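> My questions will all concern the structure given below.
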């Protein structure tokens, strides 16, 4: 029986989102033939082997348990080290249920690569590019996937470059941290006065911020599963009564609604799926990703963002899109584990051939 190390928590602003996803994943794993090791990362960055009830993860009191064991890392492919006993703790594959920050920007993936561990999800390169909004959009252009005009800035000052962009793009604009997920720090601005406040907010989450021309249209999501052979879920669409799809709307759906499947024209859906797969393969994604697009009022398809570890409760967008084509939450998780093992095995095989 394979031992799965489910990693949760983390130091990013999406810590709470990770806990919700983790509870769902752990409950699903109860019906699958795996031994589970729960590995929590506190907000301060401490790695702890957690061995108590899943309910305490949901309540965010898990780290208070006296039974938590501090962990360090083994770099020989064995797993982790119990810091109290200095003994190894074996895992066959790691499932990082981490959102945003080091969980999605390639850092944690790089750590697992150094540890010579199999892990679920995209690798270092695909993760780091996908997390960097500006870099992602520039990369997407090279494979024919368009996006809305954007400007990358690293200062709160309204520079000449910013003024030029405003003159060309006009208001309203969106102000976004370049590397942050779940719509954290995003503002819609209608004037230069609002822009100053929005920059203050965005720079709380990142040292670089992008200004983006507003897209008039609807957001369409596309879920992709696989390494080489891809499975694409049904498209969904975000229906907004007002405002934009910010953090509160994403997780509380106050006025927004998610429609699965999308009701846009089937030809447009096929175009979105084709672009999603093209970008997924070009980036070298593996395991999974949710790729979000805008469909404009004149039917242009524009890239919004890629989530390499999207929200993962059983009612999150990614699982719901896959459910629409007949894949249960448990089936998705089982397939992701198989894909992670498969990719790691292929990497080991190539390494042995070159030696």
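Glycine too: its Cβ is placed from the backbone N, Cα and C atoms.
Not measured: the values here are computed from a predicted model.
Reproduced below are the annotations present in TrEMBL:
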| type | residues | note |
| --- | --- | --- |
| ACT_SITE | 14 | active site |
| ACT_SITE | 182 | active site |
| BINDING | 292, 305 | Mg(2+) 1 binding site |
| BINDING | 305, 307 | Mg(2+) 2 binding site |
| ACT_SITE | 316 | active site |
> Report, in whole Å, the straight Cα-to-Cα distance of residue 307 (Mg(2+) 2 binding site) from residue 316 (active site).
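One finds 13 Å between the Cα atoms of these residues.
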> I'm trying to understand the geometry here, so how far is the Cα atom of residue 292 (Mg(2+) 1 binding site) from the Cα atom of residue 307 (Mg(2+) 2 binding site), in Å to the nearest whole number?
8
> Give me the Cα-Cα distance between residue 305 (Mg(2+) 1 binding site) and residue 14 (active site), rounded to a whole Å.
17
> Work out how many Å separate residue 14 (active site) and residue 307 (Mg(2+) 2 binding site) at their Cα atoms, rounded off.
13
> Mind giving me a neighbour count for residue 305 (Mg(2+) 1 binding site)? Other Cβ atoms within 10 Å of its Cβ, every protein chain shown.
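Other Cβ atoms within 10 Å of residue 305 (Mg(2+) 1 binding site): 18.
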> Counting every protein chain present, what is the number of Cβ atoms, excluding its own, within 10 Å of the Cβ of residue 307 (Mg(2+) 2 binding site)?
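Looking across every protein chain shown, the total is 22.
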> Quick one: of 14, 292, which of the recorded positions has the smallest count of other CB atoms within 10 A?
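Comparing Cβ neighbour counts within 10 Å for the recorded positions 14, 292 gives 292.
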> According to DSSP, does residue 307 (Mg(2+) 2 binding site) sit in a helix, a strand, or coil?
strand
